[in-house]
């Protein structure tokens with residue numbers, strides 16, 4: 001996979017496109033109105049409302065550019081059963097103490113670690129990709145620790 005390529009599921013791509021549309025239409029219109037209103041107050045050099053609205057406009061334009069760039073570099077994948085762990089896989093792991101933990105491997109845009117949705121690009125995601133049920137995997141954590149898991153089950157949602 002090329003370094004600048006972004007893996008997205010069909011669902012994630014759709015959410016990004018919806019967010020881009022909202023930013024381009026609703027948010028741009030809201031900020032344009034705030035700028036128009038602030039201009040009506042007169043002197044722009046000391047007009048806090050105008051300066052704040054222009055900063056907000058710059059931030060919005062940055063967000064729009066970021067999403068556009070992500071969509072341009074997107075490689076859209078279908079979630080399907082492949083026989084190994086890939087984006088979209090639901091993985092059941094068992095640690096050395098026998099504790100079970102489930103993760104869903106997702107694209108970076110859908111990652112939500114608190115809800116056990118981890119990016120394929122995270123340390124554990126990288127360690128699990130292309131592995132199969134029954135295999136043992138070592139995960140090197142950002143703090144330098146290494147954790148060993150047994151892959152108990154792989155399913156696809």
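Using N, Cα and C of the backbone, Cβ positions are placed for all residues, glycine too.
Note: TrEMBL annotation is automatic and uncurated.
Computed from a predicted structure; not experimentally measured.
Under the heading domain 'Transcription elongation factor GreA/GreB N-terminal', TrEMBL lists 6-76. Look at TrEMBL and you will find 82-156 tagged as domain 'Transcription elongation factor GreA/GreB C-terminal'.
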DSSP-assigned states of the domain 'Transcription elongation factor GreA/GreB C-terminal' (82-156) in counts, ordered helix, strand, coil: 12 helix, 34 strand, 29 coil
Confidence summary (mean pLDDT) of the domain 'Transcription elongation factor GreA/GreB N-terminal' (6-76): 93
